[in-house]
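Q: According to TrEMBL, the feature domain 'Cytochrome oxidase subunit I profile' maps to A:28-559. Taken from TrEMBL, the feature transmembrane segment applies to A:41-60, A:91-114, A:126-145, A:173-196, A:216-241, A:283-299, A:311-333, A:339-363, A:375-398, A:410-433, A:453-475, A:495-519.
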Amino acid sequence: MADVPLDRVAETAATEVEDLTLHHPHSWLTRYVFSQDAKTISIQYTVTALAIGFIALFLSWLMRLQLGFPGTFAFIDAAAYYQLITMHGMMMIVYVLTAVLLGGFGNYLIPLMVGARDMVFPYANMLSYWFYLLAVVILLASFFAPGGPTGAGWTLYPPQAILSGTPGQESGIILMLVSLIVFIAGFTMGGLNYVVTVLQGRTRGMTLMRMPLTVWGIFTASVMALLAFPALFVASVMMLFDKIFGTSFFMPSLIELGTPLDYGGGSPILFQHLFWFFGHPEVYIVALPAFGIVSDLIATHARRNIFGYRMMVWAILAIGALSFVVWAHHMYVSGMNPWFGFFFATTTLIIAVPTAIKVYNWILTLWRGDIHLTVPMLFALGFIVTFVNGGLSGLFLGNVVVDVPLSDTMFVVAHFHMVMGIAPVLVIFGAIYHWYPKVTGRMMNEALGKLHFWITFLGTYAIFFPMHYLGLLGVPRRYHEMGEASFFPASAQMLNAYITVLALVVGAAQLLFLFNLIWSIRHGREAGGNPWRATSLEWQTPETPPPHGNWGREQPTVYRWAYDYNVPGVAQDFIPQNMPPEAVPLGPRPAPGGMS
Amino acid sequence: MTAAVAFLVLLAALAAWWLYGQRLMSRPWLAAGIVEDTGGLAHMPAAKVGLGVFLAVVGALFSLFLSAYTMRMQLADWSALPVPRILWVTTLLILLASAALVWAVRSARRGEKERALDGLLAATGFGSAFLGGQLIAWDELAGSGYRLADNAANSFFYVLTGLHGAHILGGLVALVAVTVKLWRSPDAAAAQLPVELCALYWHFLALVWLVLFAVITGWAGDFLAVCRQLLS
């Protein structure tokens with residue numbers, strides 16, 4: 001480590017040079033609760049977010065019960081249905097997907113994958129989790145508040161979000177907005193860490209172009225989230241003022257139940273612009289980490305270097321930049337200048353190009369690869385199929401003339417669940433199966449994992465694919481029952497019942513995963529340090545699970561990129577990133593297929 | 001959303017310039033061995049880079065508020081409020097605080113502890129006076145009947161100045177902490193980086209205030225109108 005520029009590594013090397021025990025936690029409380037270790041924070045984030053995920057899943061069950069068998073469950077009336085839909089959407093998008101992919105995986109993987117000892121600002125990192133937990137508690141508190149949680153729809157459009165006809169108007173909407181503001185403050189502290197650790201915390205030899213694509217994805221998504229969440233912050237603050245202090249940022253003149261309200265002159269469209277200026281990048285804030293993780297899962301389990309690494313990096317950057325200039329495609333039906341519609345349709349369709357490049361590169365990585373159908377690989381493959389499906393229906397919806405009739409039908413519900421619901425969730429499952437051995441030192445049960453995969457993958461496909469058809473028939477979204485209309489046949493209701501039964505089954509199957517997750521902590525097969533024989537740095541730690549400080553005495557030095565699988569003329573089928581060129585064993589490979 | 005997009009374009013240009021130095025065209029699968037890190041940020045302290053990223057977030061926040069401001073002011077019910085005279089004084093105060101911090105940074109770099117302390121104390125004083133002035137401006141406006149909910153122009157004025165004031169308050173807390181740190185440490189060099197960070201944050205907030213002030217008084221609008229005329 002002698003010739004490392006000292007000021008660059010000073011932030012991380014201090015623990016190593018001076019006193020290894022200096023920053024180590026000394027009590028149970030600082031080790032497991034108020035921990036500043038990114039790995040512990042990651043586990044806290046992931047466990048909290050998974051818990052919220054199960055609550056949100058349960059809410060979707062209730063919605064599906066009402067849609068499949070309307071009227072059977074008296075407590076799910078129209079108001080309750082709106083509350084379910086709102087909480088399910090907001091929880092899943094912000095408090096589950098964003099929190100797991102950035103707070104969970106970002107915290108665990110960034111420092112380990114770039115060879116750092118920890119995040120650069122551990123204290124802010126710890127605060128980030130506690131802000132997140134506070135936001136979650138505030139959000140859940142609205143279930144117990146008078147009037148219940150808000151039923152404004154996850155987009156919280158004014159004016160209806162704060163008018164008296166909307167459930168949760170008393171306090172639910174306030175708690176929702178406050179929770180979002182706290183979440184954003186907390187995320188900013190975490191996001192600063194993810195970005196600056198990638199910028200300044202990389203170990204020697206780890207140039208940007210040697211980083212695994214997982215880090216590229218999380219890094220770019222963090223930058224985007226730091227710049228997009230302020231839009232939601234601004235919208236939330238202004239709506240809070242409208243609700244509490246009676247200002248008219250968004251509220252037009254209104255007559256409610258015969259009484260004119262004090263509001264006047266505000267613009268609901270302004271809220272939509274702010275909301276979607278956050279909302280569209282949010283899609284890619286969820287998608288880019290998933291893209292990155294899938295690239296690494298596929299390369300590792302197909303024993304093949306990622307096809308077109310540079311193109312993959314450029315595509316991530318291009319998607320990140322483009323996603324900030326497409327927001328108004330969520331507002332075609334709000335009315336806009338046709339030229340704007342033309343502009344936003346064009347940018348929306350252009351995003352398909354870098355995205356398609358990524359899909360082709362995954363396929364070409366698999367092509368003639370040594371594919372091991374492990375559980376993480378199955379989930380990665382499931383992701384590609386689901387994502388392509390959802391992406392293609394996105395091309396339909398990106399066009400103004402196609403979007404206008406399809407908007408507000410079940411087609412849109414099917415589209416966004418495929419592309420940013422199921423697809424990232426499959427990646428999250430795959431990633432957990434993949435990195436679990438590093439976190440716990442034990443493998444998750446493979447048979448249970450495969451059962452979980454097939455039920456989840458086939459089940460969700462069977463749920464959401466027919467939903468496109470319902471949408472094409474004209475079945476509206478956001479309605480708590482379909483009712484009767486001349487344009488859809490009676491069989492449409494049967495399809496709804498069928499979707500509900502499947503949703504119950506798939507939801508219940510997630511208990512398999514939960515059981516596996518907990519059971520394997522003690523009873524899983526011993527994994528060793530590098531069970532998948534992967535190249536990236538997190539698998540090369542001296543101990544598994546890695547202790548505080550990650551690397552023992554000396555930080556690793558990186559000599560190569562993260563995808564040296566099956567290099568010709570090398571005696572093993574992978575070369576770790578920290579293996580010096582002179583240490584690489586040359587010669588013929590021993591009998592192939594030694595692994596499952 | 002012009003202001004927000006313009007700000008993001010600026011950031012994108014900065015990011016592109018940085019990425020340009022990061023060998024994005026290299027072929028990492030060919031070169032094994034040690035490659036030393038290059039590019040503009042490699043030798044900067046992490047705290048400074050972190051503050052830079054944070055300021056980008058703050059900038060995004062204010063540019064989004066300004067976007068909302070410009071969109072909302074085009075609606076029919078907008079009636080601009082009179083600009084309190086005291087805002088001229090506070091503008092001067094925030095600039096004086098900035099100047100004091102320039103002084104403090106220079107002194108800290110030279111290792112002159114006493115002078116650096118003077119600069120920090122002056123900046124804290126000017127900064128506190130700035131906040132006091134903003135409160136007086138609120139009081140004046142509210143006293144002459146321009147209350148928060150009466151018109152969107154008033155609402156924006158209170159929200160924008162309040163949000164900016166909250167950031168200033170955070171800056172003052174940091175200033176006091178750094179002053180104490182410098183006062184206790186035997187030499188000025190130890191506190192050099194924190195002083196620089198305080199100054200950077202403060203200059204940025206002063207810049208934000210100048211933009212806000214120009215927008216609130218309506219000059220920014222006039223300026224843009226002139227630009228538009230020149231272009232068309």
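Glycine is no exception: its Cβ is also placed from the backbone N, Cα and C atoms.
Automatic prediction, not curation, is the source of TrEMBL annotations.
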Q: Can you name the far-off residues of the same chain, 6+ from the ends of the transmembrane segment (A:495-519), with a Cβ under 8 Å from a Cβ of it?
A: 54, 57-58, 60-61, 64-65, 67-69, 429, 432, 436, 444-445, 448-449, 451-452, 455-456, 459-460, 462-463, 466-467, 469-470, 475, 482
Q: If you count Cβ pairs under 8 Å, which stretch among A:41-60, A:216-241, A:283-299, A:311-333, A:410-433 touches the transmembrane segment (A:453-475) the most?
A: A:410-433
Q: So what's the average pLDDT for the domain 'Cytochrome oxidase subunit I profile' (A:28-559)?
A: 94
Q: Applying the under-8 angstroms CB criterion, which one of A:126-145, A:173-196, A:216-241, A:311-333, A:410-433 scores highest with the transmembrane segment (A:41-60)?
A: A:126-145
Q: Check the transmembrane segment (A:91-114) against each of A:216-241, A:311-333, A:410-433 and return whichever range has the most CB pairs under 8 Å.
A: A:216-241
Q: For the transmembrane segment (A:173-196), give me same-chain residues lying six or more residues beyond its boundaries with a C-beta closer than 8 angstroms to one of its C-beta atoms, as numbers and ranges.
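A: Residues 38, 86, 90, 94-95, 98, 102-103, 106-107, 110, 119-121, 124-125, 127-132, 134-136, 138-139, 141-142, 145, 149-150, 152, 156, 161-162, 166, 218-219, 222-223, 225-226, 229-230, 232-233, 236-237, 239-240, 243-244.
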Q: Report, as numbers and ranges, which residues of the same chain sit near the transmembrane segment (A:311-333): CB under 8 Å and 6 or more residues beyond its ends.
A: 209, 213, 216-217, 220-221, 223-224, 227-228, 269, 272-273, 276-277, 279-281, 283-284, 287-288, 291-292, 295, 340-341, 344-345, 347-348, 350-351, 354-355, 357-358, 361, 397-398, 400, 403-404, 407-408
